[in-house]
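Written below as structure tokens is the structure these notes are about.
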Amino acid sequence: MQYQVDTHTHTVASSHAYSTIHDYIAVAKQKGIRLFANTDHGPAMADAPHFWHFVNLRVLPRMVDGVGILRGIEANIKNIDGEIDFFGDYLKQLDIVLAGFHEPVYPPSDKATHTEAMINAIKSGKVDIITHPGNPAYPIDIEAVARAAAEYGVALEINNSSFEVSRKGSEANCTAIAKAAKEFGTILVMGSDSHVAFSLGGFARAQAIIDEVAYPPSRLLNRSPSALLAFLAARGHETVADLIPLFSDDEPCC
């Protein structure tokens, strides 16, 4: 099964990634991906693009050869207050805001601190999706985070890269997150976290967890472009209004 939506990708603008927007579009066409988000690392990361990169994402076309592009960021959660490294009116220019913990910006400490920081990011209203919350380097109170995400309408990511490239040992945590999300009505999304275009839309390991816990497909954001766009619009992203009509006739893939 090929899902048509990928919310988490990195380009050469993050210098530890290896593909361009053109590369991603080419692979998207090959794989049947209809909508993907360009979410390079926030500027607090050492090799992240400059702040202006995100301000200027408006130059990206909405559609190229039938593939839609979301203008976004994977911001860094910086502290226990849940602050991120992108702010103010500039956030309103983005279609999608991901945020997560990254060691160079916010080193791991303890479960209580991680949980408070993540929940504060969720409560801030600035973050749409929490990335790789199953990272074993940052243990959290999974039930508390899932409850908060459900209450504030924020999605939690099951990050496929965590099972294949980085954050090894994430499987048990991600399974627990999926189970808690099912119980508390939390929205989930699978993210490839691609750092090279070849892995765009690669969700096999994440999908296995979704299937294992029998998470409801109706709450999975990858189910269709229109589902993701409706989620983003409901969260106040007026910028996606011009994309919504382009996917009005799509149907869930599962």
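Positions of Cβ are set from backbone N, Cα and C atoms, glycine also.
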Based on Swiss-Prot, name the residue from D128, D141, D193, D211 that is recorded for the same Zn(2+) 1 site as H8, H10, E74.
D193
Of H16, H114, H132, H237, the one that Swiss-Prot places in the same Zn(2+) 2 site as H41, H195 is H16
Based on Swiss-Prot, name the residue from H22, H102 that is recorded for the same Zn(2+) 3 site as E74, H132.
H102
Same-chain neighbours of the Zn(2+) 1 site, Cβ within 8 Å of the mean position of the Cβ atoms of H8, H10, E74, D193 and not counting those residues, run in sequence order as T9, T39, D40, H41, L98, T131, S161, G191, S192, S194, H195
Filter the binding-site residues E74, D193, H195 down to those whose C-alpha lies within 10 angstroms of the C-alpha of H132 (Zn(2+) 3 binding site); answer none if the list is empty.
D193
Using Cβ-Cβ distances, find the residues under 8 Å from H102 (Zn(2+) 3 binding site) that belong to the same chain and are at least 6 apart in sequence, listing them in sequence order.
H41, M45, N76
By Cβ count within 10 Å, point out the most packed of the binding-site residues listed: H10, H16.
H10
Counting Cβ neighbours within 10 Å across all chains shown, tell me which of the binding-site residues H8, H195 comes out on top.
H8
